[in-house]
Amino acid sequence: MSSDHKRREPGGEAAGSSSSTQQQQQHPAPQLSRYESQKRRDWNTFGQYLKNQRPPVAMSQCNYSHVLEFLRYLDQFGKTKVHAQGCGYFGHPDPAGPCTCPLRQAWGSLDALIGRLRAAYEENGGAPETNPFASGAIRVYLREVRDSQAKARGIPYKKKKKKRITNPLKASTEEAASTTFHLPSS
Ligand SMILES: [Zn+2]
């Protein structure tokens, strides 16, 4: 309805413009929910990851293979011990001793992360048809991670959850939802 409060002149403002204070940062961002702020951080992290590629990858060129590489890349920051088949703790849910098996991102963390990124992609203007986070390849990868971690740690992953039973998967998923992914600052 109303035109701009400030008249903008195409030629640029004169140096001696007498407008008093700039009113740019008067409105602080509204308080975001934990999920929303986590989603925003994840989105920024992924964007930064694409920029760090050689050569950098534009979001519009991003496809599921970049997402898969991103998920594998995140494993180096993981905190979940996933035992190899040759390890004596393979299949033990809560092994007491140390071993040399690698730390990985827990399946629940990756699954929650992909969910947030999938939503963020579309909220940032991406088309659902081209959403790389919704790709079948990602689903297959996550399922493989889930199954291999279930075997390595001796945790049975059941499709149906019963509320009465304390489900270790559920706990780890909730924990996972609050996991923050950081890129090392270069
Ligand atoms: Zn091990």
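All positions are counted from 1 along the displayed chain.
The backbone N, Cα and C atoms fix where each Cβ goes, glycine too.
TrEMBL entries are annotated by machine, without manual review.
Taken from TrEMBL, the feature compositional bias 'Basic and acidic residues' covers 1-11.
Feature annotation from TrEMBL assigns region 'Disordered' to 1-38 (among others).
Here TrEMBL flags 15-33 as compositional bias 'Low complexity'.
For 34-161, the entry in TrEMBL reads domain 'ALOG'. When the domain 'ALOG' (34-161) is classified with DSSP, helix, strand and coil residues number 76 helix, 4 strand, 48 coil.
The annotation region 'Disordered' is assigned in TrEMBL to 152-186 (among others).
Among the features that TrEMBL reports, compositional bias 'Basic residues' is placed at 156-165.
For 175-186, the entry in TrEMBL reads compositional bias 'Polar residues'.
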Can you work out the mean pLDDT of the predicted model over the domain 'ALOG' (34-161)?
92
